[in-house]
Every structure is written in structure tokens, then in C-alpha cells.
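Here is what TrEMBL records for this protein:
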REGION    1-45  region 'Disordered'
COMPBIAS  17-40  compositional bias 'Pro residues'
DOMAIN    165-296  domain 'Schlafen AlbA-2'
COILED    310-337  coiled coil
């Protein structure tokens, strides 16, 4: 064989191997692209504070028993909570609870089906629920909010709507240093005006729009407010007795927990009793104020005070005239009934 044929056979017998691929040459001045490492998944949002509303509890149990049962139930629903974060409101025919929890949104969203599964597996005692009712568990203040809570003086929910200001209702936001600076001035004006009209209530911690916000008010703040109200009203003329007003501190339930609790301060002035002659109240500083359709008028001048006395006497005289007319009509009606009834005579025969 010729040398050319041997070399061809040798090439055929050798295994075929691809030459290593060299990276393409980049033009000068251009950097090769850098591969960034894979991004980490977005971190899970931190748990936040929420208020749970639990309704249709059995009112036959006491408050401590209901709180313990609720704590055990929430632990079975994978939502542990401390005992001091459970507030149970118990009435003769109704009981509900407000629970402050710190959890993720997904955990709260899964509560309804977890509760249903626990009920089907008999993990929650039937005695916890009121007879003929179904347990209600959800986020938010629930249906028992607004004016109903004000009347019971139990608690209010931040953001609840209390209505509009009227002649007998005044709202003050009370933010910042209100309690230490402006409250005493408003106390004199509004209490004096309510006493000189038909009574009313001053709410501190409520926006002018009627939305509940609350003011930071601890136990020491409550004591200072009580002392301030008592000391100022003692200087009123005529004297204002303690049964003429009511001072209350209504807790405000808020999703954002703080070191100092939120409260709404309500000072209610009762309508003065009818007197033999009209009485005009003045503050400890000798000023006189009146309430007129949601606004305060005053301090009054001597002419305004005389006009107030004239209108007050006219109103009292009108009431007396109406009363006299009613009594006169009643007297005439009784006389007619007596005349219509003829006397019955009896004749006795003695045999």
C-alpha cells in the first residue's frame, strides 16, 4: 500500500473528537456580561396586630371561665394568645369578646375553615356557644359598635361614627397637650352653657366629623382630670352639686397597641331641675355662657343676661299657662260628669 492509503486508514481508525470550544473573542473595550446570582425570594411580611371579635358566647358562664375557654379554643386554631389580651363583655342575655392578636394575614384568613373543622371534630365544647346560636369569629369590631357602646359606657372602636354635633352634644379631638392646656377652658364654657340650657355632653377624643379617635389617658391622667373638673365646678355660682354631672372614661379599642391606653372622656351635664325662679349659672371666673344650636355664646354682657332672663320668664309663664288651661278643662269635664249622674233615692217601708 502506498503511504497515502495508510495515512487515510489511520485517520479513519482514530476516534473522532471535537476540538474544545474556545470562547469568542470580545472586541477590545467591551467587558463580558456578568451573571447576577439568583435573587432570594421576598421575605414574608411581619405579623401585625389585629382585633378579633367573638360573638354568641354563652352568657351563663362567668367572665374568667369564658376567657379561659376562648384561650384554649384559639390555641387549637393555631392562634395562641395571652390571657390579658382577651376582654370579655358579659350581659344578662348576651356575651362577646374582643381579642388582641399578633398574626399574619394568611393566618387570619384561614380562621373560618379552621373553626368549622374544629367544630365538626368536636374539639370546641358546645357549652361555649349560646343556645340556638352559631359561634361568630372574625376580624374587626363586629356589630356592637357606635352609639350602643356609648350608652353602655363599655368601650368604643377607633373609627366608629357617633353622629353629628347638636345643641346637646359637642365633640373635641383632644390631641397633643389638650388635657393640660385647653381642656380647662372648654370645661368652663361648655358646662356653663349646658347648665344654662337643657343639659348636654362634651366628648373629648372624637373628631368634629363624629369619628372616634381617642386620647392618651392613663390612670394618673384620669385622676388629674377628675380633680380639675371638681375644683373648677366648685367655683360655679349657683353651686353645682356632684349629682348634676357625670364624668366617664370610655376605653377605645384600636389595632395599634400603645403604652398608654386610648380613651374617650365624656362629661355629661344633666338638665337643671325646675326652680321657683330662673337661675343663671356663671363660671368660677364670673363669666356666663349659653348654648345655641351647636355653638357657644358668651361671655355675655349685662344686656344679654337681661334678655336671657326675660326669655326664660316668658318660657316659664307659657308653661304655666298651658298647665292652667289643661287643669281648667279637666275641672269642667269632671263637673259635667257629676251633673249627668242623677242622685238615686231609696224609700223604706216599715211594716
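Numbers run from 1 along the shown chain.
Each Cβ is built from the backbone N, Cα and C atoms, and glycine gets one as well.
Secondary structure of the domain 'Schlafen AlbA-2' (165-296), assigned with DSSP and counted as helix (H, G, I), strand (E, B) and coil, comes to 35 helix, 39 strand, 58 coil. Mean model confidence for the coiled coil (310-337) is a pLDDT of 80.
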